[in-house]
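So that you can see what the record holds, here are the features copied from TrEMBL:
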- 1-30: region 'Disordered' (REGION)
- 39-58: transmembrane segment (TRANSMEM)
- 65-85: transmembrane segment (TRANSMEM)
- 97-117: transmembrane segment (TRANSMEM)
- 129-146: transmembrane segment (TRANSMEM)
- 179-207: transmembrane segment (TRANSMEM)
Amino acid sequence: MSTTNAETSADTGGSTAPRPTNERTAGTNRGNGLKVSTYINAHKILVFPVLLGLMWYYDNGSADAYIYLAMHGTYSILWLLKHAMFADRRFEQKLPVWVGGPFLFVPLAGYYVAPYLLISRHVTVPPPVVALALFVYILGVFYHYVSDAQKYYTLQIRKGLIRDGLFGRTRNPNYLGEILIYSGYAIMSLHWVPFLILAGWVFGFFVRNMRAKDRSMSRYPDFAEYKRRTGLLFPKLW
């Protein structure tokens, strides 16, 4: 889950991976442990075997199951490519397994609920719903990865607020992209539970990080004007 609008190299961004900062995880950046990126990337690597395993176990080789596999699979491959080409330095922090396992790796497994509900119930998704899911998913991929790339390469040249491109109308295009991606998965499941899980991430983690980032960026003299013309999450068109 990656970055945001008008971001700086020190600001938080938008991956669905929690960024532990309390006493429980303080000081874990040094010493033993696994990088945050390791916990996240493990799930990306597991997507294909988990989904193919579900399809085999429930004997579901439907077109809808393969469409979902293509959606979640491409997202995972793109994530791993992004990590190889322009990794998010926030995810280089190390966490001991007793923290990263239950508080990061396990919660991220909630995103397997959507494919489980789709595949295990042998759901037949109406073509218009498939089209909607693909539309939302592809739009999300664009926002998520393009904004992450824009942030990464812009900050290689200059530090400070990023106020153009995808960051020109929303301060958090990466969060918007990630929400759209997982909304596409939830739509394909034809069940309310994946939407509930996504809402938990949005209101329990994304919103908190977006507001924290706003407070961090408020130190820039031109942030007030930038905030006025942009939306926190959705693009402000006028």
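Glycine residues also receive a Cβ, built from the backbone N, Cα and C atoms like all the rest.
Curation plays no part in TrEMBL annotations; they are all automatic predictions.
Here the structure is a predicted model, which means the values were calculated and not measured.
Listed stretches 39-58, 65-85, 129-146 were compared with the transmembrane segment (97-117); the greatest number of C-beta pairs under 8 angstroms is found for 39-58.
When each of 65-85, 129-146, 179-207 is checked for Cβ pairs under 8 Å to the transmembrane segment (39-58), 65-85 comes out on top. Residues of the same chain lying 6 or more positions beyond the ends of the transmembrane segment (179-207) and with a Cβ under 8 Å from any Cβ of it are 1, 14, 16, 18, 64, 67-68, 71-72, 75, 110-111, 113-115, 117-118, 121, 123, 125, 129-130, 132-141, 143-144, 172, 233. Outside the transmembrane segment (129-146) by six or more residues, the chain places 2, 64, 67, 71, 74-75, 78, 82, 166, 173-174, 176-185, 187-188, 190 with a CB less than 8 A from a CB of the stretch.
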